[in-house]
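What follows is one structure encoded as C-alpha cells, with my remarks underneath.
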Amino acid sequence: MARGAAANLGGGLGKFTELRQRLLFVLGALIVYRIGCYIPVPGVNPQAMIQLMESQKGTIVDMFNMFSGGALQHFSLFALNVVPYISASIVVQLMTQILPSWKAMSKEGESGRRKITQYSRLGAVFLAVVQAGSIAWALQHQVSSGGMPVVYNPGPGFVMTAVVSLTAGTMFLMWLGEQVTERGIGNGVSLIIFAGIVSGLPGAVLTTFEQARNGDISALQVMSIALIVLAFTFLVVFVERGQRRVTVNYARRQGGGRNAYMNQTSFLPLKLNMSGVIPPIFASSLIMFPATASTWFGQAGQANWMQRAAQALAPGEPLHMILFAALIIGFAFFYTALVFNSQETADNLKKSGALIPGIRPGKATADYIDGVLTRLTGAGAAYLVLVCLLPEVMRTKIGASFYFGGTSLLIVVVVVMDFMAQVQAHLTSHQYESLLKKANLKGSRGLTGR
C-alpha cells in the first residue's frame, strides 16, 4: 500500500490539487513547529540551558527532550510540546467511562464530541499552567555544568513569564494539530510528535558515522544497529497490518421462491493491535513529566528522596520498565474498549441479517467477539511492551547505542504507515471521482446523440 502510494504520489500530484494543498499545509505546519522549537522563553540563558541538558544525557529528562524535538533543550515556547493535551485527553476519556453523565454525553453524536473536545482543551490549559509553573520554579535554581545560572533573573516575574509563554505554546500546538487533522493529512498531534522525534535523527546519524571514523565504535556495531532497527521496523509493520478475520455469513434472497436464499460469506476484520500507538504515548506522557520535575525539584531543593525517585524512573531502570509496561498494558485494554464496542457490533450484525457460524445472534455474538478481542489485545499489548522495552534493555545491559528508543521507533513507523495509507485513500478517492465524471460525461453525450 505504501509503495503504491509513493508511486502514485510521485506521478500525479499535479492532477490532485486538493491533495497537493493538504500536503503543503502539513509541511508548512511542521516548519512552523520546528521554528517555534528555537524561540526561547524570555529570561533563560541559552548556553547554560544547553550545558544543563548535556549533563542529563541518558536520563528521563533527555527522553522528554527528544519527544519535544529539542525544544526543552532550548527552553523554547514549545518545551512542553503536546504533553498537557495528551494527559488531559487521557483524563477526559477515563471520565467518559466512569461517570454516567459523561458517558451519555459521549453518545450524543457531534454535539457530544464537541463538548468532550472542549473539556480536553480546558484540561490541557490547566495542566499546562501547572507543568509550566513547576518546571519554571525548579529551573530558576539550576546552574549549568560550567557554573552559569540557567535563569538570568530568578523570581516571580520569570515564573509568570514562563507560565504564560509555555502555556501559550502548548495551546498553539494543540490548535495547530487540530488544523493539520482537519485541513491536512493524518493525525495532527501524532505528526507533531513524529516531527519532534525525527528532527534529531540526521545529527544522530552523523554522530554515529563520526564515531565510527574515529574508531570509537566499530563498523560491525554500526551494521548491527542498522540491522536491529530494520528488524524492529519489519516487526512493527507486520503486526500493525495483522488482522484476525471473523467469518460472517449473510443470507441474501435470490428469486421469488420462499426458500430462495443464498449465503454470502464476508469477514469482520479485527486488528491485532487495535489500540495502535496510543498506549505508549499515553504511558510516556504520564511518566516523563513527573520524572523530569522530580529531577529538577530534587536538585533545586536538595531533596534526596526526589532525586532517588527520578533516578529510579530513568530509562533502563527496573521501576521504569515495570511501570511503563503496566501502563502500556492497561491503556491497550482501555483504549481498545473505548474505540470498539462488541455489543454494538453484534447488534449491527443482527440488524443486517449477518451471522457468525456456530454462534447465536445477540449477546452470544457479543461475548464471542469480546473474547476474540481480549485475546488479540493481550497479544497486541505484549508486542507493544516488547517493542518499547527491548531496545532499552539492549542499551543498558549490552551497551548498544540507539538514537531511537522503542517507543519513538514505534511512533515513527506507525505514523508513517498511517500517513501513507491516508495519502493512498485520497488518491483512490480522486481516481474514483475522475472515473465517475467521465462516465457521466459519456452518458450525457449519448443522450444528446439520441
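Just so you know, glycine gets a Cβ as well, placed from its N, Cα and C.
Note: TrEMBL annotation is automatic and uncurated.
Just so it is clear, the model here is predicted, and its values are computed rather than measured.
Annotated transmembrane segment per TrEMBL: 23-41, 75-99, 119-138, 158-176, 188-207, 219-239, 277-298, 318-340, 372-394, 400-421, in sequence order.
Within its own chain, the transmembrane segment (23-41) is flanked in space by residues 13, 49, 68-71, 74-79, 161-162, 165-166, 169, 172-173, 176, 179-180, 183-186, 188, 191-192, 195-196, 199, 423, which lie at least six positions past its ends and keep a Cβ under 8 Å from the stretch. Between the transmembrane segment (372-394) and the stretches 75-99, 119-138, 158-176, 219-239, 318-340, it is 318-340 that has the most C-beta pairs under 8 angstroms. Counting Cβ pairs under 8 Å that are 6 or more residues apart, the transmembrane segment (318-340) and the transmembrane segment (158-176) reach fewer than 3 and are not in contact. For the transmembrane segment (158-176), the residues of the chain that approach it from at least six positions outside its boundaries are 29, 32-33, 36, 41-43, 76-85, 121, 124-125, 128-129, 131-133, 135-137, 139-140, 151-152, 188-189, 192, judged by C-beta separation under 8 angstroms.
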